[in-house]
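*Asks:* Copied straight from TrEMBL:
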- Glu46: active site, proton acceptor (ACT_SITE)
- Asp57: active site, proton acceptor (ACT_SITE)
Amino acid sequence: MNRLNDTEFQSKKSKFVPYIMSGHPSYESSIDIALTLQDSGVDAVEWGVPFSDPLADGPVIQEAGEQSRKGGGCLRKALQGLKEAREKGLEIPVVLFTYINPVLSLGFNELISEMKKADVDGLLIPDLPFEESDELRKLCNEEGISLISLIAPSSNHRMEKISRLGDGFLYYVTSLGVTGTRESFSDLLASNISELKKTAQVPVLAGFGISTREHVRYFQGISDGVIVGSALVKFISERQQELKDKKTKKEALQEIKVFVQDLIS
């Protein structure tokens with residue numbers, strides 16, 4: 001069953017969904033981090049796939065992706081890592097975050113098959129235009145996988161159409177440009193998200209640039225939850241040596257848990 005469409009996720013208030021890069025800082029440690037995030041009380045996880053030209057990613061996630069690729073990271077390996085995480089006890093919803101080129105290289109049908117094996121709940125492709133998503137959306141729907149739609153501040157004229165086809169949740173992009181931490185956000189966000197929620201059939205989560213506890217509280221107040229990526233990936237990168245070392249891994253994972261729980265609290 002698709003956990004994103006389960007009542008537990010749909011009805012939960014103030015959702016918190018972190019993004020991590022598969023294979024960063026290593027294949028094994030990214031699996032450990034996913035399990036640690038579950039223990040931290042997050043509501044779902046975005047599982048990033050490394051790609052050579054990640055147009056939506058800021059420097060922090062780009063660097064993490066490059067490191068993952070140097071270790072052999074790719075779409076197939078990301079799915080294998082997720083499968084292992086499931087076998088080790090990962091039970092929360094997982095959204096696969098990838099770009100369209102790796103998907104086209106693998107093929108839609110093969111991707112769907114591999115996602116089913118890895119027990120993926122949702123798929124997010126930032127460079128797949130909504131108008132070109134019908135074929136993949138149909139395949140995902142047939143297999144019970146949510147194709148997550150992004151809605152940017154510049155999407156007002158398409159907002160109602162996108163929101164009506166929303167599945168799992170809608171990802172509202174809080175600022176134009178790439179991912180990364182921000183100091184401030186537009187004053188129009190609250191009204192934009194409020195308008196979107198009037199037509200949305202699924203929760204509206206806010207993401208891009210959310211990096212502090214204050215940001216989290218603000219966006220949880222005007223949306224149905226938040227997605228935090230760069231701030232967490234940066235925190236992980238700063239502990240990559242400790243995460244790779246068996247002697248220090250446990251302490252580093254505990255630090256990640258505390259960091260996330262502080263953002264949630």
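Glycine residues also receive a Cβ, built from the backbone N, Cα and C atoms like all the rest.
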*Asks:* Just the number: how many Å between the Cα atoms of Glu46 (active site, proton acceptor) and Asp57 (active site, proton acceptor)?
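*Replies:* Glu46 (active site, proton acceptor) and Asp57 (active site, proton acceptor) have their Cα atoms 14 Å apart.
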*Asks:* When neighbour density is defined as the number of other C-beta atoms within 10 angstroms of a residue's C-beta, which of the active-site residues Glu46, Asp57 has the lowest density?
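*Replies:* Across Glu46, Asp57, these active-site residues, the one with fewest Cβ atoms within 10 Å is Glu46.
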